[in-house]
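Report on the structure given below.
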Amino acid sequence: MNICEREGGRCAEMAMVCLTDFEEYAKEHLSKATWDYYAAGADECCTRDDNLLAYKRIRLRPRILRDVSVSDTRTTVQGTEISFPVGIAPTAFHCLAWHEGEVATARATEALNTCYITSTYSTCSVEEIVAAAPNGYRWFQLYVYRDRKLSEQIVHRVEGLGYKALVLTVDVPYTGKRRDDIRNQFKLPPHLKVKNFDGVFQETAGPEEYGIPANTLDPSISWKDVYWLQSITRLPIIIKGILTKEDAELAVEHGVQGIIVSNHGGRQLDGGPATIDALAEIVDTVQGRLEVYLDGGIRTGSDVLKALALGAKCVFIGRPAVWGLAYKGEEGLREVLQILNDEFRLSMALSGCRNVAEINRNLIQFSKL
């Protein structure tokens, strides 16, 4: 009963102070299968856990007496100004956490003026999301399907709706082995569906994987599909799922506009690097030729500061967004984002940075652990 203390039938809410408070609330209030789905990592969850632990190995080198009476957290992504360098990573099935689902996510990110990457696997349609938050800044996360027409149709839909970039997820030729989902035989409840594909797939008795027929994703996806995507859209293309300097160099050569350093929240290959550990070599390789972002393991404002100091332009949060929704929908997610914003501003000031331009690698000291 850590969140609610019963006092004569009244529920006195505990103050939500940090992202861990939202995590505890979500774990207590979501069904076991839903909690396990969001929390899942692949195999032994080493990479999932290391995404968080890696931040604790990094120490900051604060500068003092720098006049931090005024601070500015604003930055730009793909030329668009956002209020602070934290956006919402693409995560599936928000309606499992809160009845309004992605509509609430869209409103919260619009209110805080940051970037929302809408998942292909949304339980609200892209049209519903745009209608709910017409002035929000959004990118769309895309998979390449065996049926290229399916991918092409959704690209044209989101382009017409004013989405500003495509985020091509490249680390899922096959779905990682998530043990709890297998044990729970995870399926979307009957009242929810992957709304963007409503009516696309004939009702089949065949096996289903996360709301769509199994084997829909194309394992033959390769760099030539980046050229194919460029041929059907004028939107900037950001590749999500790069973890090495070799692939970062190939991304530059293929003319994409951004990279999200990501291991899919530790849900795909177990035993890969924590994203914060992979970041520096990628930043050093691209040398400003495209923007580099990061997701995975961000839980505090000082995590955000460390990622920016190592060269990320912006970071994205996945699971914490879902915890915010589980707590209080749009309002809960606004609280999560506001806490991260406040913590980031404080960490900046305590490190002697007045704006994001002053954050650089001199802030970082790798501990000798």
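One-based numbering along the chain as shown.
Using the three backbone atoms N, Cα and C, a Cβ is placed for every residue, glycine included.
In TrEMBL, annotation is done automatically, which means it is predicted and not curated.
The domain 'FMN hydroxy acid dehydrogenase' feature in TrEMBL is assigned to 11-369. Residues or ranges marked as glyoxylate binding site in TrEMBL: TYR37, TYR143, ARG178, HIS264, ARG267. Among the features that TrEMBL reports, FMN binding site is placed at 90-92, SER119, GLN141, THR169, LYS240, SER262, 295-299, 318-319. The annotation active site, proton acceptor is assigned in TrEMBL to HIS264.
The local packing around GLY297 (FMN binding site), expressed as other Cβ atoms within 10 Å of its Cβ over all shown chains, amounts to 27. Taking the Cβ of ALA92 (FMN binding site) as reference, residues of its chain lying under 8 Å away and at least six apart in sequence are, in sequence order, SER119, TYR121, SER122, THR123, TYR210, GLY211. Sequence-distant contacts of HIS264 (glyoxylate binding site), defined by Cβ-Cβ distance under 8 angstroms and a gap of at least six in the same chain, are THR169, ASP171, VAL172, GLY176, GLY241. Sequence-distant neighbours of GLN141 (FMN binding site) (same chain, 6+ apart, CB under 8 A from its CB) are PRO90, ILE117, THR118, SER119, THR120, VAL167, THR169, LYS240. Spacing of ARG178 (glyoxylate binding site) relative to ARG319 (FMN binding site) is 16 Å (Cα to Cα, whole number). In terms of C-alpha distance, the listed binding-site residues ASP295, GLY297, ARG299, ARG319 place ASP295 closest to TYR143 (glyoxylate binding site). Neighbour counts of Cβ atoms within 10 Å were compared across the binding-site residues LYS240, ARG267, ARG319; the minimum falls on ARG319. Neighbour density at the Cβ, taken as the number of other Cβ atoms within 10 Å, is lowest among the binding-site residues ARG178, ARG299 for ARG299. Summarising the environment of TYR37 (glyoxylate binding site), the number of other Cβ atoms within 10 Å of its Cβ, over all protein chains shown, is 22.
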